[in-house]
Amino acid sequence: MERIRACLVAVALASLFCVAHVRSSASDHRYKAGDEVPLYANKVGPFGNPTRHTVTSIFHSVPQEKKEALGEVLNGDRLVSGPYRIDFLSEKDAEIACKRKLSKEEVARFRTAISKDYYFQMYFDDLPFWGFFGKVYNVGKADPSDCKYYLYKHPVFQIFYNKDRVIEINVRKDTRAVVDVTGDEPVDVDFMYTVKWKEIDVPFEKRLDKYKSSSSLRQIQWFSTLNSCVTLLLLTAFLATILMRILKNDFIKYAHDEESADQEEEPGWKSIHGDVFRYPKHKSLFAAALGCGTQLFTITIFIFILAVVGVFYPYNRGTLLTALVVIYALTSGIAGYAAASFYCQLEGTNWVGNLLLTGSLLCGPLFVTFCFLNTVAVAYKVTAALPFGTIVVIFLIWALVSSPFLVLGGIAGKDSKAEFQAPCRTTKCPRDIPPLPWYRKTLPQIAMAGLLPFSAIYIEIYYLFASVWGHRIYTTYVILFIVFIILLIITAFITMALTYFQLAAEDHGWWWRYVVLGS
């Protein structure tokens, strides 16, 4: 397959035109003097759009590809051997990587890449590093046509080591060794590189600390967490002083005046006690949503456990996505059990249809979204496009692991013999719901329910999105877990309060709104 944009990684310091075959597996990250340390090229793309990466490719030779795990492929990693041979403790000065005559078309592509701030990503002994293709000099500041485009051709690798292990790598450009690609004429380029080694006393276990969040960033996140705790305390105080006092007064009044309550109808939530536990509409869909929600909550808890114990350390490529796929498949039985059990409690009979709905309620939208995004990725030839083999593997996991667990969980839920025990009798005829003001309807209530939870987590959302669609690395999982717990408590309090106000307005259709408000 032709990959035009892919060729731009070549200059990532010559990976377009030269191939180095990595012979060292580096499984234990220990090397002897003279051993080749693996260097892989991964992605290239515009700095302003990190999601649009192209695959590394070489015109006149086939690079040695590294076998990626499932999570690495899902993450868009396509590692191929880099253009430079770097041996452990072996220094090189202006070593020629390759010589190449750039055609007019290649010069134009590099000029476009430089103007759009294209960058590359490589891995050296599993340590990531980045760099840009070149620089732009605006000679006539008022006229963009006077810009000069220079291509870097000489990277300098500064590598730090501790005994027999690589600790850190930095790459800088020799700004004196550049190629002018402003014009459209063919250009002869000698791509070269320099390697320098320096010993430090940083232990191997701490070599990834430089990729973690800075202390100032952690202070901001802890301050945000403190703000969330204050929000939680204020909300708890509100519920304790206002809502609980109202309920206490209602219960006292109802307990001391039972006879008058039987003779004359009380307004508010007491008047709809015969309709509160009426089964919701579309109970199969309701039970399926409950089952999928239970599964998602379980997945979230497992992911947080793995994150807190340090499984997802910085640039452990694809581990998070692999864990998501595996845990989703293994927890499908939880979704089947929760959905079938609750569906049978609601006196449902078509439990097989309920299981099918549960299995497709989450996978269906994900499949449609995947088809659209993968088609776009294939059209633009970016690394986010999944190979056919990976798609087959995911389908087999869903068909051979997830679906059987879903069925087994559904059978166990159906046979659980759980009964729905309402504390009061449900009337035969539903009571009419009185007209409600606009702010008590579903959409305004959803907006109100999401305001406080969002205010408690918006800082963490910013850093998460900056990690997913930007260049930041998210590592503060402990803070994220604390904020998640706060989010759960605040959401529960808000949902209970709004549900009480809904029942106080004699609106007994609370089932679906309770689920929507909490999600």
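Count begins at 1; order follows the chain as displayed.
Backbone N, Cα and C atoms are what each Cβ position is placed from, and that goes for glycine too.
The signal peptide annotation in TrEMBL covers 1-24.
Within the chain, the transmembrane segment (222-244) has long-range Cβ neighbours (under 8 A, six or more residues past its boundaries) at 452, 455-457, 459-460, 479, 482-483, 486-487, 489-490, 493-494, 496-497, 500. Look at TrEMBL and you will find 222-244 (among others) tagged as transmembrane segment.
Annotation comment: TrEMBL describes 285-313 (among others) as transmembrane segment.
According to TrEMBL, the feature transmembrane segment maps to 319-343 (among others).
Under the heading transmembrane segment, TrEMBL lists 355-380 (among others). The list of residues near the transmembrane segment (355-380) in space but at least 6 beyond its ends in sequence, with Cβ under 8 angstroms from a Cβ of it, reads 52, 284-285, 287-289, 291-292, 295-296, 332, 335-336, 339-340, 386, 398, 402-403, 406-407, 410.
The transmembrane segment annotation in TrEMBL covers 386-408 (among others).
As annotated by TrEMBL, transmembrane segment applies to 446-465 (among others).
According to TrEMBL, the transmembrane segment annotation covers 477-501 (among others). Residues 218, 221-222, 224-225, 228-229, 231-232, 235-236, 238-239, 243, 247, 269, 300, 304, 307-308, 312, 440, 445, 448-449, 452-453, 456-457, 460, 464, 510, 513-514, 517-518 of the same chain sit 6 or more residues outside the transmembrane segment (477-501) yet have a Cβ under 8 Å from a Cβ within it.
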Quiz item: List, by number or range, the same-chain residues at least 6 past the transmembrane segment (285-313) whose CB is under 8 A from its CB atoms?
Solution: 208, 319-320, 323-324, 327-328, 331-332, 334-340, 342-343, 346, 348, 354, 357-358, 361-362, 475, 477-478, 480-481, 484, 511-512, 515, 519
